[in-house]
Every structure is written in structure tokens, then in C-alpha cells.
Amino acid sequence: MSFDRKDIGIKGLVLYTPNQYVEQAALEAHDGVSTGKYTIGLGLTKMAFVDDREDIYSFGLTALSQLIKRYQIDISKIGRLEVGTETIIDKSKSVKSVLMQLFGDNHNVEGIDCVNACYGGVNALFNTIDWIESSAWDGRDGIVVAGDIALYAKGNARPTGGAGCVALLVGPNAPIVFEPGLRGTYMQHAYDFYKPDLTSEYPYVDGHFSLECYVKALDGAYANYNVRDVAKNGKSQGLGLDRFDYCIFHAPTCKQVQKAYARLLYTDSAAEPSNPELEGVRELLSTLDAKKSLTDKALEKGLMAITKERFNKRVSPSVYAPTNCGNMYTASIFSCLTALLSRVPADELKGKRVGAYSYGSGLAASFFSFVVKGDVSEIAKKTNLVNDLDNRHCLTPTQYEEAIELRHQAHLKKNFTPKGSIERLRSGTYYLTGIDDMFRRSYSVKP
């Protein structure tokens, strides 16, 4: 049977964010650090968080149910559901299997969970696109769910937490179309961030090394993308980053996104060594080897200065979500996409090309691209992002710590009833009601 495989991409999108946050400026004062350490140094304003009433299952159920409702999806016409997450509740049972309770009598649904730090969501998306392009496709659409709850022990990393979950409707004839064959990937073994202790929600993090890995993987993935882009489309004139009208990045912090966009120039400089825009960093580019360039602050500062105006126009709109929510791990890059759709008018986005970089520690990374071919005004409207973020509850740092303590008390427990209030949850949010003596979890929906 022949199916229409034209313009494969994103047809619908929902981003779920918790309905409470803590101000990063308040955390600075509470933690006794210098003013601006989190807000300026990391580029963060607010951090979303949850207590023991929400987990990755409830996140997925909430995001998926909202996608189905807002887009009036006939679930019998969904042939794949794939999940990306690193928030693990069970070492055997997948998050995808929990979400199947929303599919009624439709049991013929391919896909499973993808796990590798923050990269799993993009890998789930790639798998879904590849499924539609393959002989296994049966003509139905796919759904990708990506979400996490990012928590850190007390210390420098704690303000880089966050939480959120995205659900994407993927299929042909989409307004957001992925460019076929244009992906560059970089993978390597590294202990930069990992979670070997299953008795804790907290990761082991080598912070400086992880940022170095992020940049090194960006260099590799972007260079590999360029090889395929040149083979398909020929060499572009000028700097390579100017091929993209906008860019989105995985956002561990918003300051890191600004540095990452500037770093694209480092790879571009190899193809355009005499470009006059590089004059201010030409000596550094010629004297630093690749490894030293990863951590050289003078080069980083110089590249950021060159790309500042480009960043403000092409990237800044997308960091609205992570600035106000924090790091959502697998959902992070998609929160940036949601923000881009919400903050830039649909008529300005139409016809524009977007570059995208996904990174997951350990490590796995890809650079890819898509084109906004159709009208995305309805998608932007249905995300309801700005309204959701503007109407959340602002809690104190002490209340934040109390919520984290509730999660600590709930971790790995059975015969457990959550203590957190459901009062602040939005209508339609799934929440945990209890865990029985066999660790089976039960949920309800906030009316």
C-alpha cells in the first residue's frame, strides 16, 4: 500500500509545565550567594518544580491527554508512541506502557522509551520520523512524549534544575518539516553527568567537564551536519550559521545557549578563515588547538561578541521557556521550540529554516534542521505557553526546599500516600494518589 510521506514533521505540540516556581533571585538571597550569580551568570529567572504529587508518569499522562484533547486526535489513528526521559521510576516497565491507558482499544502502537540523559526525546523523534519513512509505516501518525524532573543536591548545581514535559504529534503534511537526510551526530563515552545511584534522584555531575563535553559534541555534530548539508545542497556563501533564520538548543542554562550559538562560528571559521567578521578572534583561532579552544575564555568572549546581534534575533526568543522554567532535560530543546512558536509571529516564521542542537550527557548529541513550511498560528495558540507561565504560583525558597524534601521522603516507597497539596495544580493535571504494597501507582485528574 502506498502512503503520502510528504513533509514529515510536527503537526501539533503541547508543553506541560508545573504550576509553581521559585524566583532565582530569591534563591540567590536564600543561598547566600552573590547577586546575579543565577540570574546573570546562568541567565535564569525562574525554576519550575514539583513535590511528591507529580512524577514522570503523571507528567506524561498530562501532556499526552492535553495533546489528544486540544487537537481532537482520534487515538485509533496513532500507530506509534515513543517516550524520551531520564527520570526513571522502574528498571523494567516503560513510561510508554503507562501512557497506553489513554489509548483505549488501540493496542497496535509501536515505540518504547529512549534513555540517555537529555538526548532521549530527540532520539524518540528521530525514531518516529524514521518509522514514517520506512516500510513498517502503516499510514498513521506518531506521538513523541519527552519530559523530566531535574533535581540536584544542595550546592552550585541546584539552581539549574527544572521540570516539564512535551507531547508532539508527528506525521506527513506537517507545517514544521524536518529536512530529510540532514542530521549530524556525535557520540562518545564520558562520565560528565550520570545517575548510578538508584536510591537517589540526584545525579553525579562533573560540571566543568560536562560543559566542555557539550561544546565538544556541538563541534562534532555541527561539523558532521555540514558534511551532509554540503553534499545535498552545495556549499553556502558566507558563514555557515547564517543558513539558519533561527536556532534552538538544549538549554542546561540560558547562558550556555548563548555560548553554544557563538561556538558555531568556531567550526565555520575552518571553512571561512578569511571572513572579515572573524578579525577580532583570528589570532586565537590560529594559535589555539581544538582541545584548548573548548575552554578558552578569550575566544569564547570574542565569538559571543561577534554573534550578539544574531543571537538576540535568532535565538533569544526560544530561551523564554528555559529562562522561566529551568532545565527540562529531554523536553528542554522542545521547550525552546514552543517558545519560538509563541514569541515570534507565525507570518514571520513561515518559510524560515531552523537549526537545532540536542545534547545528552554520557554522551550523545545531534545537530539537525527543519523548515516552517506552513501556518503555525494554531499550534502557537494551542500551546498556551505565555498564559500558563504568567499564571503560575510563585513560592518561596523555603517552600521549594519543603517540596524537594517531600520528594525525598517518597522516593522508592511503597504503601505510600503523597502529602503534597493538589490545590495549585491546573485543571486537567494528573497527580499521584498513592502507591500500593507492590509499588503500583494510582492517579487522578484535577477537575
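The backbone N, Cα and C atoms fix where each Cβ goes, glycine too.
Among the candidates Thr160, Thr287, Thr295, Thr398, the residue that Swiss-Prot annotates as phosphothreonine is Thr398. Among Ser293, Ser361, Ser366, the residue that Swiss-Prot places alongside Cys118, Asn156, Thr160, Ser210, His250, Lys259, Asn327 at the (3S)-3-hydroxy-3-methylglutaryl-CoA binding site is Ser361. Most Cβ neighbours within 10 Å among the binding-site residues His250, Lys259: this distinction goes to His250.
DSSP assigns Lys259 ((3S)-3-hydroxy-3-methylglutaryl-CoA binding site) to a helical segment in the three-state reduction. With the fewest other Cβ atoms inside 10 Å of its Cβ, the least crowded of the recorded positions Ser210, Asn327, Thr398 in this structure is Thr398. Close to Ser361 ((3S)-3-hydroxy-3-methylglutaryl-CoA binding site) in the fold, though at least 6 residues off in sequence, lie Ala117, Cys118, Ala190, Asp192, Phe193, Tyr194, Ser210, Cys213, each with a CB less than 8 Å from its CB. DSSP assigns Asn327 ((3S)-3-hydroxy-3-methylglutaryl-CoA binding site) to coil, not to a helix or a strand. All chains included, 27 other C-beta atoms sit within 10 angstroms of the C-beta of Glu86 (active site, proton donor/acceptor). Of the recorded residues, Lys259 ((3S)-3-hydroxy-3-methylglutaryl-CoA binding site) and Glu86 (active site, proton donor/acceptor) place their C-alpha atoms 25 Å from one another.
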